[in-house]
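Asks: So that we are looking at the same thing, I have put the structure below in structure tokens.
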Amino acid sequence: MEDPIELEIIMPSNSIAPTPSRVKSNQGESSSTQEDLGTRTFRFNDPMTQQKFLHNEISTGKYNFLTFLPLFLFEQFRKAFNIFFLIICVLQQIPGVSPTGQFTTIVPLTFILLVAALKEIIEDYKRHKADDAVNNRKVEVFRDGKFNEITWTQVLVGDIVKVVNGHFFPADLVLFSSSEPQAMCYIETANLDGETNLKIRQGLSATSMWQQSSQLNSMRGQIECEAPNRHLYDFTGNIKLDGNAERSIPLGPEQMLLRGAMLRNTQWIYGIVVYTGHESKLMKNAKRAPLKMSNVDRTTNMQIWFLMTVLIVISLASSIGSEIWKNQQPKRWYIYGDGTGAKGFFMELLTFIILYNNLVPISLLVTLEVVKFIQAIFINNDLEMYYAPTDTPAMARTSNLNEELGQVKYIFSDKTGTLTQNFMEFKLCSIAGVKYGNDFPEESSTFFEDEEFLKKLHNGRDGNRYVRDFVTMMSVCHTVVPERPRKTVEETTPNNRDDVDQKMDDDCIEYQSSSPDENAIVKAARAIGFVFYERTPNSVTIRALDKDESYDILNVLEFSSDRKRMSVIVRCPDGKIRLMCKGADNVIFERLCDESKFKDTTECHLREFAREGLRTLCFAQTVLDEAFYQEWNDGIYYEASTSVIDRDTKLAAAYELVEKDLELIGASAIEDKLQDGVPDAIATLAKADIKIWMLTGDKQETAINIAHSCHLITPSMSSIILSEGSLEGTRQTMNDAVNEIGHEFLRMENDIALVVTGATLKYALNPELQSMFLDLALSCKAVVCCRVSPMQKAEIVELVKTHCKAITLAIGDGANDVSMIQAAHVGIGISGNEGLQAANSSDYSIAQFAFLQKLLLVHGAWNYNRIAKCILFSFYKNICLYLIELWFAFFNGFSGQILFDRWTISFYNLFFTALPPFALGIFERTCSCKVMLKYPQLYSISQSAVKYNARVFWKMFLNSTVHSLMLFFLPALTLWNDIAFSNGMTGGYLFLGNFVYTYCVITVCLKAGLESSTWTIFTHIAVWGSMLFWLFFFGVYSHFFPAFPIGAEMLGQADNVLSCGIFWFGLLFFPITVLFRDLLWKVCRRRFMKSVVEEVQEMEMEHLDPSQTIMAAARQSLTEKAHLLKNMFGMASRTSQDDSESRFGLNEERARSSSVRSLPDANHGFAFSQEEGGVVSQSQLIRQYNTNVVKPLGT
């Protein structure tokens, strides 16, 4: 049995799970005492009991009504940015210290916190809304003598619930009866472990007869079990039924139905609630999510720390300058008071810190919050990412990582439900060397179509017997159980059975099976005309072209991963004993008789099917001699099946004796249907230089098949398969693989696929081998990890995230994907299906994998470019204005005197330059959506982070410093002699300040226009409107006083400034002079050093095709070494498999002993999903079914 898989569900970092409420039971033993002892005891179906356990409501939200304010403030003031401005606010309240007033920082900081709070409330509301959708699901609970429909939140421990087919279990339940024989049921655990096959659970025989609500009235008892824990597949307990002499019956994991799993192929089950809400095993795996910060945010934080350092340095320098100035100037009684010496120096330092504090842009936080929030709205309302069949739009569950979407280098994807629909469909077959079926018909109402096939099937003569034998095997050789319409079963009697059966609508038959492959095969046989409609413990009956045929089931030789095949031994209607076998091509071919035909042509067809990613099975049969069979069955098989020691080994040996001398009939090809557009999406993302790794809990064969069908693995690739069972074996295999690739080519993309099993991954992730495994994985073009646990998925993501300087993205749809979704830089959940665990824990959710193209290549690339420009511009405009105070300090004796009015200083970011950053952050775009999707190579620009990094920031800082110098000294020089008017009147410091302030606003707005690549209506409003708004405000504000008690110093300033000719001269020439170098550089660059994006932009405007430009740039980016690698490992040009092996220095013997091999050496697309080592064996399962018996309704 496999090791139990421990699953992680990760909660938001500051979410608070409710604490269980406990009261004392009527037996006098408190529940809390039981929990302390590691057990839980409760009565079920007993409303008089007053025991209380944790309610069944779950919450993944960050806040509730009581915790919002303290948690929000704690989160906000963990940021150094906010703490800095809080300190500034406090310092401004000290009398005589602040040159800018008491409220100029409090007002914008309060505004910022309010906007952040509003954003948090809206985002957390979405989380609570998603939780409510789960909490308010309906389920039937037995209360007051009948089943009542209530919400999941009202379910209590001890309740008896009824769950019907296709529904999730509302809590952790103990199964006690079902619609199936012996209280069996099928469950789907894809949300828990990623496996496509269904699993079987079985209730106790002592409770299996309780199948009517009338019987439940008298059913009471007590369950004692282990306390709630996180071990998903472990459970220990006892049940005592009242009136059963107080005898305990053991309970185990085979009776456990976990929250998160779904009931399948079973009409209904009754279960007793054991664990609810956050005490369920699924939620017990919850842990706090790591706080995610985008790469851009980390870079910004570093620059903010740098600016804070600059602020402290220039504040110290200004304080020192003040002391020097005071010592060099004659003392003035009206300037100097008692603030001299160390105390005076400290007070001056505080003054200058307040004066220069806006070098750190307080507006940046609120700007980014609003910009990212609106970007998230764009994602949510993108109709091209809306999935109509399930009415599911894309959803940005957080907006903090919008720009991270534009820098993704590695994608870690689940398989089941993410790449696939978890739906199998019979597509093609090869029978007697002839291929049948249309290659993927676009519109088809049946599973299989081929006129020639149907002709041969109805003819049945000569060589056409193979076709009939093949379809007969499809409908007989399996462990499927048919679910016939209830009305038909009730009306069936020995006298009218044939008439009723003939009238029955065969399409209404539902097939139950733990194997989706067998289900697809039986449905295809039904569509062809061979309807499997009846199973009894000893026989199956099919309607073959309207004629009933009954086959006695003598033995079932079960499937296992080691055997790679399953067989049934049947007695046919003609009395012959026939062994029918299906399985992998290599194990079937080894057991064929010498006279068997069609091996070569069948193998060619298998290779074709495998190249298309289809799941293949070979079909073969043989007729057994009656005497030989009796001897084998009564002797060898009986002894093996009753052996106490090594039963499985002895059974396998017994099977070998009878599964021989087979005659090959043909092969089937089943499509594990992919989600729409998955192959194209993977190909497009690969062109964007994004590496995709598939991490799945499913079997190796299934994973490889899906990797082929979605074109993650191509036929040209060679493969490295790591499937060792020891540390040393893993080390040796990886060493061999590394040597074959060559050390000089490690961590460089080669045309190789790496396939790793979960058992080997345990050793590969060992600290001793971690580095070698990463080197090997990064050297391969495709990586497939199968049979991996949720924890291993997270470990792989963490490994790449830690050791590669690249952004990672994880995408999945099940609870087993939550750990890797939270471990990656960006987590994407697939929503729209029944399971929402991954979507609720993700950063973004989409309905289809194909939508990832637009989310990354368009929204991601756009958002990165927008955020980069928005941040750089926000820094630029603050440095331009507030560094001017430093230059002014040289002329005011470093006294701390401000050049501008205190309120205009505060309103600079709030109003006059607020819109340009929004225009850049919301509406800016590099190229159109169509071009971004058509040419994914453009994604590399945002992926490489060339638009925003430390180097870019330093260039911006130096540029803005120069601009601030020019913006101060150009106006200052024009007013150097203090004469501003022809009549000899002079202006004061505010007169100069208003000159400089106006020129700064105009320059900054024009700079925003210069940086913008896309001029929209909002861009025009932001640029020109901001300029006009300042001039309008200036005119109005200078007349506020004395009507309003503010701005006394500004009284009449507008009249003076706007009537000055020097002002208008400067307004016309100074902003252009300041920006001339920027404009000249941009013109020269676009003329002589044009980037690919700029070329594409120009070609878009001229309506030209940019494909040649983009492809030329892509080819130019390939290094000589990359060309060498393509030549060395490119399999497309190989002439034979031997050529490929010679490139790797492999001979046939080594290829068999090593894990490095060419893909043609592997099985030709074999894949078969079925539960192994389950509660009930497949042989026992079919022996317990009789479809002629009416199943209970469970009412």
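The backbone N, Cα and C atoms fix where each Cβ goes, and this holds for glycine too.
These numbers come from a predicted model, not from an experiment.
Relevant sequence annotations retrieved from TrEMBL are reproduced here:
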- Asp414: active site, 4-aspartylphosphate intermediate (ACT_SITE)
- Asp414, Thr416, Asp813, Asp817: Mg(2+) binding site (BINDING)
- Asp414, Lys415, Thr416, Glu518, Phe559, Lys582, Arg615, Thr696, Gly697, Asp698, Arg787, Lys793, Asn816, Asp817: ATP binding site (BINDING)
- 1136-1152: compositional bias 'Basic and acidic residues' (COMPBIAS)
- 44-106: domain 'P-type ATPase N-terminal' (DOMAIN)
- 135-229: domain 'P-type ATPase A' (DOMAIN)
- 839-1090: domain 'P-type ATPase C-terminal' (DOMAIN)
- 15-36: region 'Disordered' (REGION)
- 1133-1158: region 'Disordered' (REGION)
- 80-97: transmembrane segment (TRANSMEM)
- 103-122: transmembrane segment (TRANSMEM)
- 304-325: transmembrane segment (TRANSMEM)
- 345-368: transmembrane segment (TRANSMEM)
- 879-899: transmembrane segment (TRANSMEM)
- 905-923: transmembrane segment (TRANSMEM)
- 957-976: transmembrane segment (TRANSMEM)
- 988-1009: transmembrane segment (TRANSMEM)
- 1021-1041: transmembrane segment (TRANSMEM)
- 1061-1080: transmembrane segment (TRANSMEM)
Asks: Please report the Cα separation of Thr416 (Mg(2+) binding site) and Gly697 (ATP binding site) in Å, rounded to an integer.
Replies: 9
Asks: Could you measure between Arg615 (ATP binding site) and Asp414 (active site, 4-aspartylphosphate intermediate) for me? Cα positions, answer in whole angstrom.
Replies: 19
Asks: Can you work out which residues elsewhere in the same chain, 6+ from the ends of the transmembrane segment (80-97), have a Cβ less than 8 Å from its Cβ atoms?
Replies: 103-106, 109, 112-113, 301, 304-305, 308, 347, 350-351, 353-354, 357, 360, 362, 365
Asks: Have the transmembrane segment (957-976) and the transmembrane segment (879-899) got at least three CB pairs under 8 Å, pairs 6 or more apart in sequence?
Replies: yes
Asks: Rounded to a whole number, how many Å is the Cα of the residue listed as 'active site, 4-aspartylphosphate intermediate' away from the Cα of Asp817 (Mg(2+) binding site)?
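Replies: The residue listed as 'active site, 4-aspartylphosphate intermediate' and Asp817 (Mg(2+) binding site) have their Cα atoms 7 Å apart.
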Asks: Under 8 angstroms for C-beta pairs, at least 3 of them, ignoring pairs fewer than 6 apart in sequence. Is the transmembrane segment (879-899) in contact with the transmembrane segment (103-122) by that rule?
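Replies: As far as Cβ distances go (cut-off 8 Å, pairs 6 or more apart), the transmembrane segment (879-899) and the transmembrane segment (103-122) do not touch.
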Asks: Please figure out which one of 304-325, 345-368, 905-923, 1021-1041, 1061-1080 racks up the most CB pairs under 8 Å against the transmembrane segment (103-122).
Replies: 345-368
Asks: Express the distance between the Cα positions of Asp813 (Mg(2+) binding site) and Gly697 (ATP binding site) as a whole number of Å.
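Replies: Distance (Cα to Cα, whole Å): 13 Å.
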Asks: The transmembrane segment (905-923): which same-chain residues, six or more beyond its ends, come within Cβ distance under 8 Å?
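Replies: Non-local partners: 100, 104-105, 107-108, 111, 358, 361-363, 367-368, 370-371, 374-375, 866-867, 869-870, 873-874, 877-878, 881, 898, 997, 1001, 1004-1005, 1008, 1011-1012, 1014, 1016, 1018-1019, 1021-1023, 1025-1026, 1029-1030, 1033.
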Asks: Where's the emptiest Cβ shell within 10 Å among the recorded positions Asp414, Asp813, Asp817?
Replies: Asp414
Asks: Quick one: of Arg615, Arg787, which of the binding-site residues has the smallest count of other CB atoms within 10 A?
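Replies: So among Arg615, Arg787, the binding-site residues given, the one with the fewest Cβ atoms within 10 Å is Arg787.
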Asks: Measure from the Cα of Asp817 (Mg(2+) binding site) to the Cα of every one of the binding-site residues Phe559, Gly697, Arg787, then give the nearest.
Replies: Gly697
Asks: Which whole-number mean pLDDT does the model give the domain 'P-type ATPase A' (135-229)?
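Replies: Here the mean pLDDT over the domain 'P-type ATPase A' (135-229) amounts to 87.
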Asks: Could you give me the DSSP helix, strand and coil counts for the domain 'P-type ATPase N-terminal' (44-106)?
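Replies: For that range the per-state counts are 23 helix, 1 strand, 39 coil.
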